[in-house]
Amino acid sequence: MTEVVPSSALSEVSLRLLCHDDIDTVKHLCGDWFPIEYPDSWYRDITSNKKFFSLAATYRGAIVGMIVAEIKNRTKIHKEDGDILASNFSVDTQVAYILSLGVVKEFRKHGIGSLLLESLKDHISTTAQDHCKAIYLHVLTTNNTAINFYENRDFKQHHYLPYYYSIRGVLKDGFTYVLYINGGHPPWTILDYIQHLGSALASLSPCSIPHRVYRQAHSLLCSFLPWSGISSKSGIEYSRTM
């Protein structure tokens, strides 16, 4: 596709689910977008198996972008990402795993990738409601374009995965990126507990607890966190590695 794409292209984009007739087109697009070769069974699954959310963005009838994701129970998360959610979440808590998100080169920077990602979020909110606590994906450590895209949409690096990919016989490193939704969060670290306690103490009036105890606790926490004023903490920011 080499046509000049107008700035108003997004207004002409339609969304629809992938179907079996799209297999050849999807194979061609994935060959252009990704260095990984997928088996034929993968293409059959994402275009017919209802466990996948497979959405195409079309422009004047042609597929110009797509997103494929699987919404599954946290018990089905692979071992390397098993700590995406804290252990206190129930076993029927769900996560959404993005297998693929791509846009035809000429149509990039027109908001189509964002539209597809937002459509996944909308789908989760209507089907999984608040049971889905995280959206995650894997990306090559060298894919700066994709990394910037996800980081600009509040995904956080959760894990570094050495030798995660095998591309044409060469092992490549990957990252796991996660977006927490509906109150989802990773396991807390010691620092998280300290920050949370600091926030709670800072919200108390010294008159409500013995003044000496308050001052000692406040000084102790400041010694752990010399770079930040505890009184300014209003919450916890989670960040890990993909």
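A Cβ is built for glycine as well, from the same backbone N, Cα and C atoms used for every other residue.
It should be emphasised that the depicted structure is a prediction, and the values quoted were computed from it without experimental measurement.
If you check Swiss-Prot, you get these features:
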{"type": "ACT_SITE", "residues": "Tyr97", "note": "active site"}
{"type": "ACT_SITE", "residues": "His138", "note": "active site"}
{"type": "BINDING", "residues": "Tyr38, Leu99, Tyr165", "note": "substrate binding site"}
{"type": "BINDING", "residues": "Leu101, Gly102, Val103, Lys109, His110, Gly111, Ile112, Gly113, Ser114, Asn143, Tyr150, Glu151, Asn152, Arg153", "note": "acetyl-CoA binding site"}
{"type": "INTRAMEM", "residues": "193-236", "note": "intramembrane segment"}
{"type": "MOD_RES", "residues": "Lys79", "note": "N6-acetyllysine"}
{"type": "MOD_RES", "residues": "Lys105", "note": "N6-acetyllysine"}
{"type": "MOD_RES", "residues": "Lys109", "note": "N6-acetyllysine"}
{"type": "MOD_RES", "residues": "Lys121", "note": "N6-acetyllysine"}
{"type": "MOD_RES", "residues": "Lys156", "note": "N6-acetyllysine"}
{"type": "REGION", "residues": "162-173", "note": "region 'Required for homodimerization'"}
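All features noted in Swiss-Prot, drawn onto the structure.
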residue : record                  : contacts (Cβ under 8 Å, 6+ apart)
Tyr38   : substrate binding site  : Cys30
Tyr97   : active site             : Ala69, Glu70, Ile71, Lys72, Ile77, Ile135, Tyr136, Leu137
Leu99   : substrate binding site  : Ile46, Phe52, Val68, Ala69, Glu70, Leu137
Leu101  : acetyl-CoA binding site : Met66, Ile67, Val68, Gly113, Leu116, Leu117, Leu137
His110  : acetyl-CoA binding site : Val5, Ser7, Ala9, Leu10
Ile112  : acetyl-CoA binding site : Ala9, Leu10, Val13, Ala57, Val64, Gly65, Val103
Lys121  : N6-acetyllysine         : Ile135, Ile181
Tyr165  : substrate binding site  : Ile36, Leu140, Leu171, Lys172, Asp173, Gly174
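Counting every protein chain shown, the Cβ of Ser114 (acetyl-CoA binding site) has 14 other Cβ atoms within 10 Å. Among the recorded positions Lys79, Lys105, Lys109, His138, Tyr150, the ones whose Cα is located within 10 Å of the Cα of Lys156 (N6-acetyllysine) are Tyr150.
When the binding-site residues Ser114, Tyr150, Asn152 are ranked by how far their Cα is from the Cα of Lys79 (N6-acetyllysine), Tyr150 comes first. For Tyr150 (acetyl-CoA binding site), the nearest of the recorded positions Lys105, Lys109, His138 in terms of C-alpha separation is His138. For Lys109 (N6-acetyllysine), the number of other Cβ atoms no farther than 10 Å from its own Cβ, over all displayed protein chains, is 11. Other Cβ atoms within 10 Å of the Cβ of Lys156 (N6-acetyllysine) number 19 in total over all chains.
The separation of Lys105 (N6-acetyllysine) from Ser114 (acetyl-CoA binding site), Cα to Cα, is 15 Å. Residues Tyr38, Leu99, Tyr165 make up the record's substrate site, and a Cβ search at 8 Å around their centroid adds Phe34, Ile36, Trp42, Ser100 from the same chain. Of all the recorded positions listed here (Lys105, Lys109, His138), Lys109 has the Cα closest to the Cα of Asn152 (acetyl-CoA binding site). In this structure, the recorded positions under consideration are Val103, His138, Tyr150, Asn152, and the one with the smallest number of other Cβ atoms within 10 Å of its Cβ is Asn152. The least crowded of the modified residues Lys79, Lys105, judged by other CB atoms within 10 A of its own CB, is Lys79.
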